[in-house]
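K.L.:
What follows is a single structure, and I will ask about it in a moment.
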Amino acid sequence: MTRMRSGSSNTKSNNFSLIVIMTMLGLFFVAKSQLTTDFYNTSCPKLAKIVRKEVQNAIKNEVRMAASLIRLHFHDCFVNGCDASVLLDGDDSEKLGAGNLNSARGFEVIDTIKSSVESECSGVVSCADILALAARDSVLLSGGRSWKVLLGRRDGLVPNKTGADALPAPFDPLSDIITKFVNVGLNITDVVSLSGAHTIGSARCATFSNRLFDFNQTGSPDNTLESTILSDLQSLCPSNGDGNKTTALDRNSTDLFDNHYFKNLVAGKGLLSSDQILFSSEAAANTTKSLVESYSKDQNLFLDDFVNSIIKMGNISPLTGSAGEIRNNCRAVNSAT
């Protein structure tokens, strides 16, 4: 169940919280699927070792890749369910959607993993399952928890660029973010715990520069951004500067999967607006703020909840049985290869 604290007299916030609760109660959570942890025990017993080795090599080559692989799994599951549709190339590719264009990365790593898996057990393992395993290993190799990945997904046949246009975005208000999670069967605890993946990785100036000079057309910076961080970011990302410059999402614990991201939010040091609003926005008072505070004080609670949430996320509308296919090439459906 979602953890919330009462006590605010703000009618708008209370009404919003009530709407969220009623919406969640009116929806089925992620449907129970046919996924199992031992799906490939017979057909591809070395799968986990192969994926772990390739993810380890990728992170050694570029530490940031761990965050990119986690994000690929997230962006896949939120569009069409966890069916590897994010990996498909083409004019209607999800890679071209607003949520992925010039930001989603790691596709070549998935290609490498798929090639290694195919060499061991051809035509058996889906690209969707590779994404799930790669995300787990990225968390583990960055210092986070491991978990038993549910497997048995099959790959989708059609991308959904429109869906990728509507992914949770850095500029979304909290109410929109929560709604997007609820729409795929996730709840407020999942919103906060999965946002904690921003404890590793980087973001481009273009995703947060709106906070630095003229926030919401006020003529002033975002007043929830701590002054020292604000000054540093203004120097890195001047007005009309290079929007593709990057900086760490969690500057004090850049590559370690820990709870420092939440400590940053409490201190006003969240990089993205969609991060900081989990603690500082009016809507957070009766929804997400208490969880941010709890995670900032209790790393084990965060790590436990993150594992539960990413397992739940990985179970969004998977294709199983005879649905979809096992792609030979993660970038194209088999009929096109």
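Even glycines carry a Cβ here, placed using N, Cα and C.
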K.L.:
Cys44, Cys77, Cys82: which one closes the disulfide with Cys121 in TrEMBL?
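P.N.:
So the cysteine that TrEMBL bonds to Cys121 would be Cys44.
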K.L.:
According to TrEMBL, the disulfide involving Cys330 connects it to which residue among Cys82, Cys127, Cys205?
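P.N.:
TrEMBL says the disulfide from Cys330 goes to Cys127.
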K.L.:
What is the number of other Cβ atoms found within 10 Å of the Cβ of Arg71 (site 'Transition state stabilizer')?
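P.N.:
Within a 10 Å radius of the Cβ of Arg71 (site 'Transition state stabilizer') lie 22 other Cβ atoms.
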K.L.:
Within 10 Å of Pro168 (substrate binding site) by C-alpha distance: pick out those among the recorded positions His75, Gly81, Cys237, and say none if nothing qualifies.
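P.N.:
Within 10 Å of Pro168 (substrate binding site): His75.
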K.L.:
Measure from the CA atom of Cys77 (disulfide bond) to the CA atom of Cys205 (disulfide bond) and give the result in Å, rounded to a whole number.
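P.N.:
So the alpha carbons of Cys205 (disulfide bond) and Cys77 (disulfide bond) sit roughly 26 Å from each other.
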K.L.:
Write out, in the order they occur in the sequence, the residues of the chain not among Thr199, Asp250, Asp258 that have a C-beta within 8 Å of the mean position of the C-beta atoms of the recorded Ca(2+) 2 site.
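P.N.:
In sequence order, the nearby non-listed residues are Gly196, His198, Ile200, Ser253, Thr254, Leu256, Phe257, Asn259, His260, Tyr261.
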K.L.:
CA-CA, which of the recorded positions His75, Asp76, Glu94, Thr199, Asp250 lies nearest Cys82 (disulfide bond)?
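P.N.:
Of the recorded positions His75, Asp76, Glu94, Thr199, Asp250, Asp76 has its Cα closest to that of Cys82 (disulfide bond).
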K.L.:
Among all the protein chains here, how many other CB atoms are within 10 A of the CB of Cys127 (disulfide bond)?
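P.N.:
That number is 29.
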